[in-house]
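Below is one structure, written out as structure tokens; the observations come after it.
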Amino acid sequence: MKAAIIGAMEEEVAILRSRMEEREEVVIAGCEFSTGRLDGVEAVLLKSGIGKVNAAMGTTLLLDRFRPDFVINTGSAGGFLPSLRVGDLVISDEVVHHDVDVTAFGYAYGQVPGLPARYRADEALVEAAKQAAAQLDGLQAAIGLIATGDSFMNDPKRVEFVRGQFPELCAVEMEAAAIAQVCVQFGTPFVIIRALSDIAGEESNVSFEQFLETAAKHSAELVLSMLTVVQSKAKQ
């Protein structure tokens, strides 16, 4: 079993990289790959860079060259559910682009022509993430829709527009739908797990960088817990 884990920023992969044993590193087209073992599981860790193009390029290289059995995308996101606070977790059941609009030609808002309107995460991986989250004390976890776009959501008008398009939305960020789209096209199971670094449309006296550190720590904890669950299930 080989796991692939993708994070966009150094803060989102640093904890996992530091835990990796037998680590080897290679940079391909600006994408930083680390291979080795995470808590006994063969793994490849990718720091892709921020945004959908970087995420899609990195995921394509990852799947083509390293052939993992599944993909976990980890990192931070902006929360949309009123019940969640900074540091809480969101696990994807579906992922969608929030900045794609080809509705003039009859497609659903967010749908790339020729592809599904939404990308469904692998049910077994979602369940493993859910079980792993339940083992982390003091954190809430929601399972639901995550939306992706190439912008940081700090414009209240944009927040309300996206909320209107996807009323059930749990979180927004900048890579997940691109990763999901590539995984779907390769036929590779995936799940997106994000810890909230901010709440869309809300202001805070604490800096984004401080929240990001908390979110990255919680997201990494969930990845490690999830690998333990997946490994246990594989041995049954």
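Glycine too: its Cβ is placed from the backbone N, Cα and C atoms.
If you check Swiss-Prot, you get these features:
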ACT_SITE  E12  active site, proton acceptor
BINDING   G78, M153, M174, E175  substrate binding site
ACT_SITE  D198  active site, proton donor
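Known features from Swiss-Prot, placed on the structure.
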| residue | record | Cβ contacts under 8 Å, 6 or more apart |
| --- | --- | --- |
| E12 | active site, proton acceptor | K47, T74, G75, S76, A216, S219, A220 |
| G78 | substrate binding site | F152, M153, A171, V172, E173, L196, S197, D198, I199, A200 |
| M174 | substrate binding site | A8, I50, G51, K52, A55, T148, G149, D150, S151, F152 |
| E175 | substrate binding site | I6, A8, S48, I50, G51, K52, N54, A55, N73, G75, T148 |
All-chain count of other Cβ atoms within 10 Å of M153 (substrate binding site): 21
Conformational class of E12 (active site, proton acceptor) under the three-state DSSP mapping: helix
DSSP state at M153 (substrate binding site), helix/strand/coil: coil
Collapsed DSSP category at M174 (substrate binding site): coil
Cβ-based neighbourhood (8 Å from the centroid) of the substrate site, residues G78, M153, M174, E175 excluded: A77, T148, G149, S151, F152, V172, E173
